[in-house]
Amino acid sequence: MNAQQDAPVDSWRGLPAAQQPTWPDEQALGGVLSDLAAAPPLVFAGECDQLRSRLASVARGDAFLLQGGDCAETFDAVSADQVRDKVKTLLQMAAVLTYATSVPVVKIGRIAGQYSKPRSQPTERRDGAELPVYRGDAVNGLEFTAKSRTPDPERLKRMYHASAATLNIVRAFTTGGYADLRQVHDWNQDFVASSPVGERYERLAREIDRALAFLQACGAQPREFRSTEFFSSHEALILDYEAALTRRDSRTGQWYDVSGHMIWIGERTRQLDGAHIEFASKVRNPIAVKLGPNVTADEALALIDRLDPDQEPGRLSFITRMGAGRVRDVLPGLVEKVTASGAQIAWICDPMHGNTFTAPSGHKTRRFDDVLDEVRGFFEVHRELGTHPGGIHVELTGEDVTECVGGGADIRLDDLAHRYESACDPRLNRYQSLDLAFQVAELYQDRIVTRDLPRPATELLAAD
Ligand SMILES: O=C[C@H](O)[C@H](O)COP(=O)(O)O
Ligand SMILES: C=C(OP(=O)(O)O)C(=O)O
């Protein structure tokens with residue numbers, strides 16, 4: 001790949017760019033950006049193409065997407081154990097979903113680049129003091145002091161190195177034997193045995209067990225048992241960073257943002273005439289856009305015109321985050337109009353961002369039941385319209401944190417302070433994530449039955 005300086009993708013500059021940090025020292029920023037422009041790519045164009053083709057299957061209804069990870073990654077959490085636990089949780093969820101959906105599950109982490117956050121307010125007040133709000137480790141520190149909250153461009157370099165280290169660990173875990181499907185299934189069985197609501201999931205776990213035993217008895221040792229494809233993604237928020245990591249692909253001459261396989265544009269930065277959409281329109285990565293409850297179908301169609309004018313399946317995904325109370329009202333009109341336009345979009349449900357509230361203790365939190373209800377609404381709408389519920393996008397961690405309430409272990413509002421570690425929004429913990437995967441699996445199986453599609457052959461073997 002050629003370095004970005006050869007012919008920068010520059011058309012976004014000069015357009016209104018929401019949510020950008022105010023760097024105190026432009027010269028220092030310039031130095032950092034030229035170092036980043038000369039740095040090796042974090043991902044390769046061919047890998048982004050591979051993901052685009054996997055997402056094309058999602059858009060066509062032949063695959064399901066599981067995208068998940070931290071709300072905000074932090075530099076301190078770049079450790080083998082923490083990255084492993086996140087990947088492990090996603091692999092466990094994916095195993096259940098693969099069985100239930102009988103289609104490939106495309107796995108994408110909110111990982112190795114999710115270091116910047118759009119915020120509702122520019123400043124935060126505590127005990128009479130007002131300071132700039134925390135915008136993610138790529139920009140400033142979480143600690144409430146003037147020094148820590150001052151944006152520091154050197155952090156962009158730390159983001160690059162943290163992403164590289166994380167990707168290295170992810171690649172090792174997903175291809176080095178750790179992801180072996182039989183081992184992942186053993187972990188799931190442990191979860192079913194130890195979860196207070198595990199009984200509910202026993203049937204599914206037993207069916208998977210039998211399917212694996214059957215394949216083993218047949219002598220099947222597919223490579224896919226031992227390693228798995230796993231892609232990275234993050235919100236493309238700080239455009240100076242993303243542009244510095246944009247390279248021309250020597251094979252095709254096209255531009256790729258090599259900071260991650262998929263990038264998404266958030267609900268707060270998706271203005272049609274804004275810099276983020278312009279930047280995303282110029283790179284060949286698969287792109288996702290978050291759509292909140294106030295989006296109009298015309299806006300969605302205009303986004304397709306800007307980002308996917310050739311209507312290429314896999315190029316564009318819409319991640320809807322309507323809230324449990326709105327999804328059934330807002331989503332149908334949107335899906336109907338987009339489908340009528342002929343565009344093949346992958347529809348993904350983010351059941352987190354429309355369901356946040358502040359607990360009496362002051363913690364931002366989400367109810368597991370609301371999360372599940374939004375996913376249920378998403379499935380209902382797609383079932384009604386005969387369209388494909390393409391996947392879920394979730395904020396989660398592999399740790400036993402107490403940030404969201406409810407789920408099998410029934411975390412209560414009073415428990416939130418016990419282990420609340422998110423640097424920004426609340427994540428499902430490991431148990432809540434697996435609960436969600438089992439429940440989504442059930443929803444998907446209901447859909448298979450409803451649409452009268454063939455049941456998974458392995459399921460027919462499991463005569464309950
Ligand atoms: O993750 C999403 C946003 O960055 C986050 O919800 C914004 O939070 P705020 O409303 O506390 O700024
Ligand atoms: C900020 C985020 O979401 P949204 O843009 O949907 O608010 C996010 O997913 O981190």
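Keep in mind that glycine also has a Cβ here, set from the backbone N, Cα and C atoms.
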Exercise for the section: Examine the ranges 1-24, 121-144, 265-288 and name the one recorded by TrEMBL as region 'Disordered'. Expected result: 1-24
Practice task
From the candidates GLU380, GLU384, GLU395, GLU399, give the one listed by TrEMBL for the same Mn(2+) site as CYS71, HIS353, ASP425.
Solution key: GLU395
Problem - Candidate sharing the phosphoenolpyruvate site with ARG110, GLU267, ARG268, LYS290 (per TrEMBL), from ARG84, ARG315, ARG321 - result: ARG321
Exercise for the section: Find, among the binding-site residues listed as GLU267, GLU395, ASP425, the one whose Cβ has the highest number of other Cβ atoms within 10 Å in the structure shown. Expected result: GLU395
Exercise for the section: Can you tell me which binding-site residues out of CYS71, GLU395, ASP425 are within 10 A of LYS290 (phosphoenolpyruvate binding site) by Cα, answering none if there aren't any? Expected result: none
Practice task
For ASP425 (Mn(2+) binding site), name the DSSP secondary structure in the helix/strand/coil scheme.
Solution key: coil
Exercise for the section: Anything from the binding-site residues CYS71, GLU267, ASP425 with its Cβ under 6 A from ligand 1? List those in sequence order. Expected result: CYS71, ASP425
Handout entry: Coarse DSSP state, helix versus strand versus coil, of ARG321 (phosphoenolpyruvate binding site)
Key = coil
Handout entry: Conformational class of ARG268 (phosphoenolpyruvate binding site) under the three-state DSSP mapping
Key = coil
Completion exercise
For ligand 2, the binding-site residues of GLU267, ARG321, GLU395, ASP425 whose CB is under 6 Å from one of its atoms are GLU267, ARG321
